[in-house]
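Down below is the structure, laid out as structure tokens.
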Amino acid sequence: MLKIYNTLSGKKEIFKPIEEGKVGMYVCGNTVYDFCHIGHARAMISFDVISRFIRHLGYELNYVRNITDVDDKIIKRAEENNESTQSLTERMIAAQREDELRLGNKMPDREPKATEFMQEIIDMVQVLIDKGFAYQGTSGDVYYRATKFKDYGKLNNRKLEDMLAGARIDVEVAKEHPADFVLWKQAKAGEVSWSSPWGEGRPGWHIECSAMSTNCLGSHFDIHGGGPDLKFPHHENEIAQSEAATGKEYVNYWMHCGAVRVNNEKMSKSLGNFFTVRDVLAKFNPEVVRYLMVSSQYRSAIDYSDQSLLEAKVALERLYTALRQQQVAESFEPTVFTERFEEAMKDDFNTAVAVSVLFELVRELNKAKTEDANKASLLAAELRSLAELLGLLYQDPEYFLQNSTVSEGLGEVAIQALIDERTQARKDKNFARSDEIRDELASQGIELLDSREGTTWTRS
């Protein structure tokens with residue numbers, strides 16, 4: 001029984017699809033004016049894992065993730081680069097796909113671009129005007145009447161006035177109310193634009209997603225996801241637009257992944273702690289980055305640092321070491337490990353617990369290597385199968401172990417984790433694994449000193 005934390009209700013709910021056996025999921029994608037940063041990677045990997053597990057449960061999933069390819073930021077960046085908006089967005093879309101493939105993601109079933117749905121956007125704006133939910137201001141821009149939608153604020157469980165108090169709202173004389181937001185912008189000279197009943201212009205950000213999602217998945221669909229910063233105003237505005245236009249409930253389950261913090265601070269260019277995926281992959285194996293992202297439950301915040309990636313590298317090496325020179329059966333009968341892994345994933349896609357199950361499986365696998373070769377090969381197959389649902393352990397073990405190193409040494413947390421594992425291995429009389437860990441630490445310049453009180457270490 002799959003349970004999903006629904007932002008709309010603020011609690012975990014049993015998942016019940018609108019149509020039995022089928023799931024429609026829309027995730028807000030990137031505005032393609034720059035390279036993907038690690039916050040984008042967190043969202044993309046989270047929903048990739050979610051989509052994998054939904055399919056694993058036997059559902060026919062239609063996973064749609066949009067591309068925002070018309071926006072003020074795109075226009076500004078194209079001007080700075082002295083290139084067309086189309087040239088810029090095509091370059092950034094290609095770069096994003098390259099980054100995702102390196103991170104081990106599978107592509108969504110459909111990636112609609114805003115520029116491909118211009119007529120559908122215009123049609124939805126017109127419906128909102130006809131129903132009295134939108135109006136053309138004195139500036140010529142078209143705005144949504146936020147006060148007319150009685151459920152405005154339901155996603156964030158706040159009243160309109162409260163949300164305005166804590167939000168950055170553009171004060172424009174052309175608007176009837178400070179909370180009203182733009183649906184269609186009048187074009188400025190030289191900007192990319194489209195013809196509409198309200199003159200040459202382009203759509204606002206929020207209406208793009210309403211039009212694309214409802215055209216790709218229908219006016220009422222199962223899951224809508226995105227990053228933590230999209231709850232307000234973007235997703236709140238999507239609900240207001242879509243439900244006003246269609247007269248139906250828009251989405252059943254709203255999912256938001258956690259933020260990525262850098263050295264326990266918010267990631268921002270002004271703080272100088274902003275990292276693109278490409279920055280990170282220049283130093284770390286892509287699978288190490290992926291492991292860091294899935295080692296926490298998708299709603300939890302992740303603290304990104306070189307140290308956290310080094311610890312992720314050590315953990316992933318432990319998994320790959322278990323598969324090194326290990327026969328892998330072609331098929332296997334699921335054991336208690338599969339049961340516990342699935343139980344964790346059914347509990348709001350708890351990848352943190354699922355990953356811990358992989359390490360329990362590895363301990364059993366290492367023990368079986370010296371006791372029962374056939375059992376070891378079956379457990380290795382089960383490990384590969386479960387890890388694939390997280391997008392892990394897809395490389396050849398020897399290749400990964402030879403290519404996962406970075407210039408920095410192991411941090412204290414990573415060293416202690418290995419020492420703790422070695423202590424447990426010795427208690428279990430798994431001396432082969434104990435020796436492996438000692439050798440692994442020695443290769444990193446770490447010397448272990450065993451005594452009655454325990455194990456200490458020094459750097460050689």
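Counting starts with 1 at the first residue shown.
Every residue, even glycine, has its Cβ placed from backbone N, Cα and C.
For the Zn(2+) site that Swiss-Prot gives as Cys28, His234, Glu238, the extra residue drawn from Cys209, Cys257 is Cys209. As annotated in Swiss-Prot, motif ''KMSKS' region' covers the listed stretch 266-270 rather than the other ranges in 76-80, 266-270, 331-335. Checking Swiss-Prot for motif ''HIGH' region' across the ranges 30-40, 52-62, 184-194, 316-326 points to 30-40.
Counting other Cβ atoms within 10 Å of each Cβ, the lowest count among the binding-site residues Cys28, Cys209 belongs to Cys28.
Here the motif ''HIGH' region' (30-40) has Cβ contacts under 8 Å with residues 67-69, 71, 73-74, 76-78, 88-89, 92-93, 95-96, 99-100, 205, 227, 259-260, 267, 274-278, 280, 289, 304 of the same chain, all six or more residues outside its ends.
As a whole-number mean, the pLDDT of the motif ''HIGH' region' (30-40) in this prediction is 96. Taking H, G and I as helix, E and B as strand and the rest as coil, DSSP gives the motif ''HIGH' region' (30-40) the counts 3 helix, 2 strand, 6 coil. Sequence-distant neighbours of His234 (Zn(2+) binding site): residues of the same chain at least 6 apart with a C-beta under 8 Å from its C-beta are Cys28, Trp205, His206, Cys209, Gly226.
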